[in-house]
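Step one of this worksheet: look at the structure below.
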């Protein structure tokens with residue numbers, strides 16, 4: 001072989017070697033750990049399984065959250081002998097119906113929103129929940145929550161898993177203390193507080209932003225949902241999201257107007273960001289930050305906003321009742337009345353049935369699981385057996401207390417319950433045109449017209 | 001993933017490639033050994049079959065299914081022409097159709113005009129290569145990239161704050177108040193159109209510049225001897241000489257413009273009355289979960305592109321006949 005031919009071989013060989021070396025970087029080489037140090041007494045009721053049957057779970061949860069989820073059933077696996085495998089993908093929502101139709105769905109699905117759950121249950125893909133799961137849900141969850149796992153045929157299919165709370169209003173405890181502002185207990189007090197901060201004059205009271213790429217508008221839907229639930233009540237809210245009353249019902253128009261009294265009032269917005277039109281162009285993640293500079297006092301956003309706070313110089317922001325920022329729940333109409341909150345959460349449904357699947361479902365609906373998962377950090381659950389002390393932050397503890405309060409009325413985020421053509425399209429677009437100047441009546445009329453007829 | 005998993009995957013890939021090579025090799029071998037009688041037909045069939053199969057699976061079947069989907073609602077029930085009724089009655093959908101028409105009229109005309117003018121002016125000038133490269137460079141930027149770049153140019157910060165956007169900074173320098181460019185209808189549609197023109201002008205310029213060089217010098221010289229001025233030479237000699245290229249450029253840009261999606265999606269996501277058919281098609285089918293409406297929009301888009309493609313093909317065929 002001549003030297004030239006040798007050389008011809010070198011390049012591909014070298015490339016292959018480099019690629020091979022680079023790819024080994026992708027490997028983790030984590031040995032499967034089998035820590036059986038934990039106490040298996042908690043898991044005795046689920047039984048033990050001989051030849052380690054496999055239960056496959058699918059969902060949208062990914063990355064760190066997925067790792068924490070997997071950790072939450074480590075002891076369950078080692079004590080019962082069931083091998084639980086989890087696969088998280090962003091495509092889960094789009095793919096699950098297709099997979100179920102082909103008989104390729106995972107054993108258990110963590111369904112991220114009730115709209116999808118209803119579709120799957122109506123199509124007959126889900127198995128009714130085993131008796132043990134239903135007993136757990138009756139024991140640990142409120143009626144509201146059980147209702148979201150019950151399909152239109154009246155059968156109970158899916159237990160709730162985790163939860164999140166929307167409708168928080170963020171503020172600076174230091175500013176409130178220095179200026180003598182009180183946390184409002186009613187919507188009227190909130191209006192009075194807004195007027196007071198505006199009258200004090202050194203900055204606009206509210207900052208808001210609904211920008212979110214192609215999902216621009218959704219933070220505004222939370223405003224409207226919060227007002228509908230508080231002013232018109234849970235019954236009207238339920239009728240609204242299921243289209244038993246039209247979208248342009250007077251109660252809904254009133255909620256738009258109430259939200260607009262703040263969001264579309266140039267005296268009240270947009271602290272540190274510009275005028276009313278800047279609400280649309282401001283990204284929701286940046287919208288609350290002027291609170292840290294004292295250019296704004298109040299910001300409406302869900303509990304997850306805890307992770308978004310950052311100072312311009314990169315130093316940490318403390319979220320606590322005495323820290324840099326904290327949040328109170330948007331108040332009810334009447335003081336001392338029942339709290340009403342909107343929020344989100346997952347539902348756990350089974351596509352197949354077996355003893356191992358039943359055991360896994362029962363574990364996921366138990367207080368043991370809720371405590372195990374919340375201890376891992378970052379999330380909460382509405383499970384009443386959950387000890388708030390296990391939560392990883394003050395705000396999460398407060399959220400758990402709110403969710404566990406038997407007097408709290410909980411409703412799912414309305415836009416998740418509406419058909420996609422409204423909940424993830426015309427409602428968002430409606431918020432944008434409403435903030436651009438269209439009247440509440442015109443916007444609700446347009447959204448009503450877009451509601452799919454069949 | 002462990003090292004063992006990785007090795008397994010590499011072996012899978014190598015195995016799959018080897019199997020592919022084996023199948024192809026076998027096919028070629030068999031074709032070679034095909035019976036003498038009608039060997040041409042055997043070979044033709046074998047060579048064209050893979051392409052035909054892929055076309056069937058990747059183009060014809062999806063097109064057929066999309067056409068069926070256009071007459072169903074989100075749960076797959078037949079609803080007749082309801083999706084088309086929606087498209088031509090809902091104010092938001094009508095704006096989408098109108099915007100698409102504006103795009104397809106403005107973008108090909110202006111980018112071809114600018115490209116042609118530029119090509120004529122720099123023709124045979126010193127440094128022509130560099131002038132060409134300058135205008136051609138935006139072609140190399142993806143639509144999404146261009147959208148992000150121009151979104152920064154149109155960026156808005158309220159009065160008193162430092163402006164990030166070039167356009168608003170110029171307005172402030174001239175003593176004006178910053179404008180929410182992308183939220184102000186109808187100017188926002190034209191601001192998006194500028195991005196498309198910025199990209200497509202380079203394409204028009206390169207093709208037309210090559211065509212201009214192909215116009216025979218004899219004709220130009222003959223016209224000069226006849227005493228024509230530069231403008232007359234341009235309209236009576238150059239333009240007829242490059243007519244074919246002009247048509248190709250205009251139709252190609254028209255088709256690209258009808259399909260524009262990335263620019264609108266990255267810059268306004270179709271809000272503020274800037275949506276176009278391709279963007280609305282995606283939004284309806286994949287965000288709102290209304291596959292029927294998405295499919296109906298796709299069909300209308302197809303019907304709008306079709307005549308342009310047919311015209312393009314006919315012109316090219318006619319040219320071939322002349323040659």
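Placed from the backbone N, Cα and C atoms, the Cβ positions cover glycine too.
Per TrEMBL, the listed range annotated as transmembrane segment is B:101-121 (candidates: B:80-100, B:101-121). Cross-referencing B:190-212, B:213-235 with TrEMBL places the feature transmembrane segment at B:190-212. At the 8 Å Cβ cutoff, the transmembrane segment (B:101-121) and the transmembrane segment (B:242-261) share at least 3 close pairs (sequence separation 6 or more) and count as touching. Sequence-distant contacts of the transmembrane segment (B:242-261), counting only residues of its own chain at least 6 positions beyond either end whose CB sits under 8 Å from a CB of the stretch, comprise 100, 103-104, 107-109, 111-112, 115-116, 143, 196, 200, 203-204, 207-208, 210-212, 214-215, 276-279, 282, 301, 304-305, 308-309, 311-312, 315-316, 319.
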